[in-house]
Each structure stands twice: as structure tokens, then as C-alpha cells.
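Straight from TrEMBL, the features:
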ACT_SITE  S199  active site, charge relay system
ACT_SITE  D338  active site, charge relay system
ACT_SITE  H364  active site, charge relay system
DOMAIN    113-342  domain 'AB hydrolase-1'
Amino acid sequence: MSSFFNWWSARYTTEVRYPKESTLIVTKEQHSNTTSVFLRDFVERRCPSLYSEFRPVWWLPNGHMQTLYCVLGDFSARDKVVYKRTLLRLLDGGTLGLDFTPADDSHLPPDTPIIVVLHGLTGGSYESYVRAILSPGCVPVHQGGLGYRAVVVNFRGCAGVPVTSPQLYSAGHTDDLRQALFYISHRYPEAPLLGLSFSLGANVMTRYVAEEGERSRLKSACVLGCPWNLAANSSKLLTTYIGRHVYSKGMGRNLVNLLKRHVSTFTSDHEVAKAAAVTMALTKPTIDMFDEHFTRIGGGSSPPWPFASANDYYEYSSSHNVLNKIKIPLLAINAADDPVVQDVPMDVEGNGWAIMALTPCGGHLGWFESDEVWGEIRRWIKRPVFEWLRATGEDFVRSPPRWRPLHEEGGFIKEVGVDRLGCKELEGSDIIMGTEGEAGLLAGL
């Protein structure tokens with residue numbers, strides 16, 4: 001009988017992988033004292049929910065149901081967030097939309113931690129999985145929240161952000177996040193920046209912290225549903241009927257519809273405009289078809305874009321092969337039954353900064369469970385993420401970062417020694433109601 005209960009419990013237990021040698025970090029203890037502790041011990045003590053059972057709500061028992069509910073469920077009355085939008089003009093002419101919450105943050109100290117969020121494939125700050133964490137996370141501590149600021153970096157063309165240059169975004173283009181962090185660091189120089197990202201945005205964030213190493217402007221990162229090996233996961237998605245005709249075509253249709261929203265930007269003889277015209281004429285494209293026709297050409301700046309093929313783009317942009325370059329605490333959580341991300345690198349390649357967690361179920365960005373008291377549906381993922389953000393935002397003491405100083409040149413905020421990147425705030429700001437998505441686009445991906 002005991003073996004049966006052990007098996008039953010194991011069905012809902014998260015697998016957490018650490019490297020053989022965890023990194024030694026400095027943490028704050030009681031009375032403002034500091035002590036050295038291994039990152040593994042720090043996480044085991046400060047993030048107990050990571051080891052708690054996740055039991056999916058009974059009517060969403062598998063990854064397909066969890067994923068489809070994330071996409072099709074009505075979350076408009078839950079986790080309402082009000083943002084204040086700032087538009088950034090980038091040095092290449094592109095535009096990003098930074099949605100800050102709380103909209104009025106005048107009551108918060110200048111060193112309040114800021115959660116920097118990257119959304120999924122065609123999403124934005126309105127996504128239910130974003131609001132599920134930011135809505136409670138940005139309320140005061142005495143009301144059960146973290147009391148933090150947050151900012152969602154909306155990619156070019158997403159969530160109502162205009163496309164003002166012949167380029168969109170992709171899983172491998174990190175410069176837009178890099179420039180957004182210039183602005184956030186400049187606006188809040190005393191605040192620690194805590195990364196939180198989902199799906200495609202998780203891949204971007206993982207690559208950014210790997211590329212920057214000790215110069216990362218993020219103090220820590222939590223990446224959820226990261227697609228890691230883009231070629232492997234794209235290939236596996238096409239091997240099943242539901243993978244090809246539901247998920248891959250659903251994501252491909254989303255991307256084409258997003259492109260069509262900004263068709264006026266792509267009307268010149270530019271190579272990206274030609275690629276956009278061909279892509280918009282595709283019939284029922286899968287995501288790999290979109291990447292072959294457009295992303296490899298218009299998904300980033302030159303160099304390294306354009307790529308000869310989608311596979312070349314996948315090889316360059318994947319994040320599973322850069323884990324060994326990360327130099328800040330990184331927690332990655334995926335679900336074993338995720339129908340979109342089926343290839344997850346649980347081996348952290350000996351990097352003592354990375355922790356890999358795999359829940360047995362949860363789908364793609366779902367993790368829906370039932371509240372034990374009221375029976376209401378909720379997201380299990382919120383608890384370990386909250387604990388991670390609090391632990392790394394308040395208790396983890398980072399060594400003096402080695403990032404390059406910022407300066408202003410011609411109205412653009414730049415890093416000293418990096419002339420090709422810069423951003424400036426555009427005049428005016430809007431109040432954004434976080435529950436208002438975009439018509440014609442599937443949410444939750």
C-alpha cells in the first residue's frame with residue numbers, strides 16, 4: 001500500500017535539477033547580517049512551493065486541456081491590472097511599449113524591486129498569465145502582495161504598439177530587451193531588476209542574461225515555458241495531427257494576423273517588405289512556415305539577420321546551448337506534458353547559477369489547479385514565482401555588477417562604448433486596462 005501512495009504522490013511532484021556544484025552566494029539574514037550559502041540551499045529554503053505537489057484541476061487533467069484553457073478561457077474578470085504606458089523610440093527607428101504598474105507609483109521608495117516581464121509569442125501585458133502574477137504581486141505587502149513595481153516590455157507590433165521600422169521581433173533578438181533595460185535602469189537607478197518571462201519571451205530573456213554574463217542588468221531571472229531548442233521543438237510539434245493543425249497553425253495564424261495589422265509599414269522595396277508580402281499570402285501557415293518566410297529575414301537586426309533558412313535562425317536563436325554562460329540566479333520551470341515545448345534541457349551543463357524545474361503536468365503556461373477551500377481555479381505557478389522574486393529581490397546580495405555606465409547622446413540613452421543601441425522616451429503616456437486583449441489574436445501563447 002505504501003508503494004502505491006508513493007507512486008501516486010510522485011505523479012504530482014516537481015522534478016528539480018541542480019548542478020553538481022552550486023554557486024556560493026551572499027544573502028541577507030536577520031538584523032541585516034549577511035552570510036554565504038550555496039544557491040541550492042538558498043532555493044530549497046526560500047522557495048518551498050517549488051517542491052509542493054501540483055495537482056491539476058480535475059476537468060483539465062492533461063497538457064492539451066491546460067493549454068487550451070489558457071488560450072480559450074475567459075479571464076477578463078480576474079487579476080485586473082492598470083498600466084501606464086511609455087513608448088520608447090529605438091535608435092533603429094523601432095518602437096517598444098513599456099507598461100508600468102502600479103500606474104501611480106509615487107508612494108513607492110526608489111529602491112523598490114521592479115519585475116521586468118517579457119510576454120509570449122504574440123501576447124502583451126494583457127495576457128492572463130502575466131496578470132496572474134502582477135495583479136497580486138504589485139499590491140502592498142499588508143494586502144498579501146510583494147509591494148513591487150513591474151513593467152511589461154511589449155514587443156514591436158504587440159499589444160497595440162506601432163511598428164515604425166521594417167523589423168518585428170523573434171526568439172533570438174535580444175537588443176530590444178537590452179535597450180528597454182537601459183531606460184528602466186536610467187529611470188530607476190536604485191531599483192533591483194528581476195526578470196520574469198514566458199514562452200518566446202523566456203527564450204529572449206535567457207539569451208540576454210547569457211550574452212551579458214556578469215554585465216546583466218537583471219539581478220535574477222525566472223523563465224516559464226521556455227522553448228529552448230527551437231529546431232527540436234518545432235520539429236516535434238509537426239509530428240502529431242494536433243501539434244501541426246492546432247498548435248503550429250494556431251501560432252502561425254497569430255503571427256500572420258499580427259503582420260497584417262502593420263501592413264502599411266511593410267510597403268517599400270525593402271527585403272523585409274517583400275518577405276512580409278509573401279508571408280501574408282500564405283494559406284494556413286504553420287509556425288515553421290512563418291519563420292521560413294518572414295522571421296529569418298525580418299525578426300531581428302543585421303548582423304546576424306537575415307538567415308539563409310529557418311533552421312539557421314533556430315540554431316542561432318535557441319537558448320538550451322547558452323545555459324553555461326549565465327552568471328545570475330536563473331530559475332526555469334517547464335511542464336512535462338507541454339504540447340508546445342516537448343524538448344526540455346534538464347542538464348544545466350554544470351552552471352551553478354541555473355535551476356531547472358519540470359512539473360509533471362501543467363501544459364503550456366497553464367498550471368491550473370483548484371483552490372482547496374473554495375474550489376476556484378487558480379495558477380499553481382504563482383506561489384513558487386512569488387517566493388523566487390521575494391528571495392532574489394530582497395534576500396540575495398549581488399556582487400557589484402559590471403555593467404557599462406549609461407549616458408545620453410542626442411536625446412538617446414546609451415551604454416558607454418556601444419554606439420549602435422539607444423532609446424528615448426516619446427512624449428505622452430496612456431493608461432492601459434490590462435484585461436483588454438487584441439481582436440483576431442489567440443491569447444495565452
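Heads up, residue numbers simply count up from 1 along the chain you see.
Backbone N, Cα and C define each Cβ position, glycine as well.
Across the structure, S199 (active site, charge relay system) and H364 (active site, charge relay system) are spaced 8 Å apart at their Cα atoms. If you take the Cα of H364 (active site, charge relay system) and the Cα of D338 (active site, charge relay system), they are about 5 angstrom apart, rounded to a whole number. Of all Cβ atoms in the protein chains displayed, 29 besides its own lie within 10 Å of the Cβ of H364 (active site, charge relay system). For D338 (active site, charge relay system), the number of other Cβ atoms no farther than 10 Å from its own Cβ, over all displayed protein chains, is 26. Summed and averaged per residue, pLDDT over the domain 'AB hydrolase-1' (113-342) gives 95.
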